[in-house]
Amino acid sequence: MQHTMSFRIFLRRYATKHDLSKVRNIGIIAHIDAGKTTTTERMLYYSGKINRIGDVDQGDTITDYLPQERSRGITIQSAAISFNWKKDYKINLIDTPGHADFTFEVIRSLKVLDSCVTILDSVAGVEAQTEKVWKQSSGLPKICFLNKMDRVGAGFSRTVKELVVKMNTRALLINTPIFQVDPVTNESKFSGVLDLIYGKQLIWDTNDPDKINVTDVDENHDCYEYLVRGREALVETLGETDESIVEHFFNDADGEYLNVSPEVLNASIRKATISLSATPVLCGASFRNIGVQPLLDAIANYLPSPSEARPPELNHKNVPITQNPLTGLVLNKNPNLCVALAFKVITDAIRGTMIFIRVYSGVLRSNHTVYNTTTGTKFKIGKLVRMHANVPEEVNELYPGDIGVLTGSNVSEHIRTGDTIVTHVTKKDGLRSFDKNVELTLKINPIEIPPPVFNAAIEPKTLGNKKPMEQALSQLTREDPSLVVTHDEETGQTLLSGMGELHLDIARDRLLNELNAQVDVERVIVSYKETLNHSTQEKTLETDDGYKITAVIEPLDEEMKAKAKKDEEWFSLANDNNFMIMEKHTKYDPDKNWPFQVPYVAVVNALLPSSLVALQRGGKIGGFPLSSCVIRIKNDWDLPIDAPSISPLLTLSRQLFTQILLGEDQSNYSVLEPVMNVDVTVQQQDMGPVIQDLSSARKANILSIEDENTNTVSESNIRFQHIADKMWLPEDPTLEFAKLGKEGQAPKMVKAQAPLKEMVAYNNKIRSITQGRGSFNMYYHGMQPVTHDRLQSVLADYHQ
């Protein structure tokens with residue numbers, strides 16, 4: 001009774017402070033240069049968060065605050081900022097990088113977001129990186145904003161069709177572009193939007209960012225026909241998945257599309273968006289301040305609150321998850337359980353280590369004791385902070401759905417990216433009241449880290465610079481786990497691995513100029529791995545005093561995780577697609593009859609670093625770290641009941657894993673190399689030389705050749721091609737022949753897959769072959785075995 005009453009009191013206090021239904025956690029995602037940061041800057045301005053609009057080219061935007069971001073004009077790390085819209089709504093926004101080298105920043109941001117705004121360049125259409133981040137954000141409701149509608153060659157209708165076919169989604173047109181004839185040049189210029197929901201024409205004054213001329217669109221208006229046809233298309237599309245709007249159309253709107261009320265439309269659009277049935281589409285030109293306010297309205301109207309968003313994936317599949325519209329998620333039927341995920345670490349010059357977290361359930365309060373379920377340690381946190389880009393704001397508590405920051409002297413040593421923490425909602429140290437077998441082992445599934453594809457050797461200038469170098473590298477990898485530091489025992493070299501040349505260039509810049517490391521960074525080379533062709537022999541090691549462990553190391557089959565058995569637990573080993581499996585013990589169950597003095601989580605935490613170190617030691621062909629391997633701990637391991645420490649088990653496991661790998665013949669190893677998806681855009685006259693170069697010099701596999709503006713239709717998206725063909729869409733007056741070659745032919749898109757080694761410096765080659773007319777995008781596809789005819793070349797190039 002006391003438990004129920006205290007929760008009711010908490011609910012009343014909570015409801016008065018925090019209306020969860022008005023919270024939106026969104027990410028801005030797109031291809032590089034689509035206008036993410038420019039759009040974010042306008043959102044902050046129109047919300048009243050800032051009183052002056054910054055410019056990416058001038059290096060003075062709010063969310064791009066790092067020196068490297070401002071000097072290069074690109075987003076390098078995700079930035080979080082909160083602002084209010086129309087007083088009622090609180091928007092927590094994360095602006096993510098668009099460059100493929102910083103894909104991990106996107107991945108870890110998407111992990112803690114409820115929805116996305118996808119920015120599309122209306123000139124370029126749906127680009128390669130856009131397709132990639134769309135897939136990465138699968139399962140998150142989205143809004144699309146077609147930006148740069150003021151540019152020559154912008155194609156609203158073409159881009160919408162690409163969106164439908166390439167992303168396999170229905171498009172709901174919320175507004176469409178309006179073009180007006182410039183009296184001086186006699187050209188059509190993008191000047192505003194036609195609001196299909198409220199039947200309004202919105203024209204922006206480009207000389208005054210705060211001025212919009214709003215006109216009702218009646219039967220005498222030039223846009224009336226577009227309004228009628230747009231409304232008809234919107235209602236018909238919604239009616240395909242929402243029977244209630246069909247009933248309203250016939251019963252309350254008398255079969256007239258314009259009689260369907262905005263309230264009914266908005267409710268139906270919201271339902272379709274959250275259920276992933278369709279994607280609202282708006283347009284604008286952020287640099288010219290056009291269309292941003294309607295986008296903010298759409299975020300508030302159509303995207304989910306934390307209580308409506310998808311719940312996190314947990315390691316315990318049977319833990320009940322309920323949604324409370326006031327308090328958000330309740331896990332394990334315990335309203336006093338606060339669960340949060342650490343998704344980012346930065347080091348602040350004044351505040352020290354700052355841990356970015358997303359609160360999923362309960363309320364997190366400053367100075368409370370928390371428990372890290374990933375490491376099995378408890379500690380006290382300090383003050384809580386909300387970040388506004390690089391400006392902190394201290395708060396006493398963080399609510400469900402909030403994105404905030406942990407500070408304090410303890411956080412740096414106790415939390416890393418991907419860790420789950422739990423705490424009691426009301427008690428400063430209420431951990432003892434939690435179920436130790438469920439709530440104190442509850443983990444949100446970790447953030448997946450993509451494998452690095454480039455290496456650079458780093459050496460201290462003098463022996464005295466070695467320790468500062470190691471400390472600087474430790475800080476870099478703590479903040480960005482997609483950077484990996486390894487030590488080559490044969491050469492004595494320290495290797496820094498990353499997602500691309502730009503990624504490593506930024507890391508080098510930080511090492512030298514921000515962290516003042518006295519180091520020499522050698523040339524950047526491709527990162528290779530080795531893997532096992534088949535499973536090793538099973539091997540057992542045991543000691544006289546009762547420690548025993550049996551293991552086998554297996555190549556990772558893509559279907560292994562999908563077919564994982566109930567009596568085995570999987571643990572990820574950093575970012576080389578390696579895993580450790582703990583088979584359920586034949587005698588001991590951590591949840592029921594655990595007899596040992598040390599907890600089960602301590603046993604696991606001893607075996608994880610042993611597994612990681614063993615696989616990092618490398619294979620027998622080139623000494624490259626092992627990738628796509630599984631260390632399976634068999635179900636008969638043992639240790640003394642009264643053992644006070646797991647150190648002997650740590651030592652024994654390292655010896656065992658090393659012996660297993662050393663015992664394998666070289667023939668059981670293969671070298672893997674990163675293979676990239678390559679999209680090359682060329683004019684017709686350049687096709688022959690480009691394909692010849694790709695096929696021969698680049699060792700590429702040509703997948704397809706198509707017109708750049710033509711959607712390739714596979715069996716999986718024929719239905720969406722049909723939907724796109726039937727859609728009503730307005731004309732594209734800015735298109736004309738802007739994207740055609742000099743002979744009037746559309747550019748071609750060559751899609752291929754090629755080894756990364758052969759694509760290094762391809763930018764210079766494509767410019768030379770096409771005399772500057774060609775361009776390309778490249779992004780990671782996966783690791784594949786090096787062909788026999790190229791193996792010696794790869795080894796010689798790497799070890800030179």
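Glycine too: its Cβ is placed from the backbone N, Cα and C atoms.
In the three-state DSSP classification, T96 (GTP binding site) falls within coil. Marked as GTP binding site by Swiss-Prot on the basis of sequence analysis: 30-37, 95-99, 147-150.
Look at Swiss-Prot and you will find 21-307 tagged as domain 'tr-type G'.
Of all Cβ atoms in the protein chains displayed, 19 besides its own lie within 10 Å of the Cβ of D33 (GTP binding site).
Summarising model confidence by region, the domain 'tr-type G' (21-307) averages a pLDDT of 91. Under the DSSP three-state reduction, K36 (GTP binding site) is assigned to helix. Of all the binding-site residues listed here (K36, H99), it is H99 whose C-beta has the fewest other C-beta atoms within 10 angstroms.
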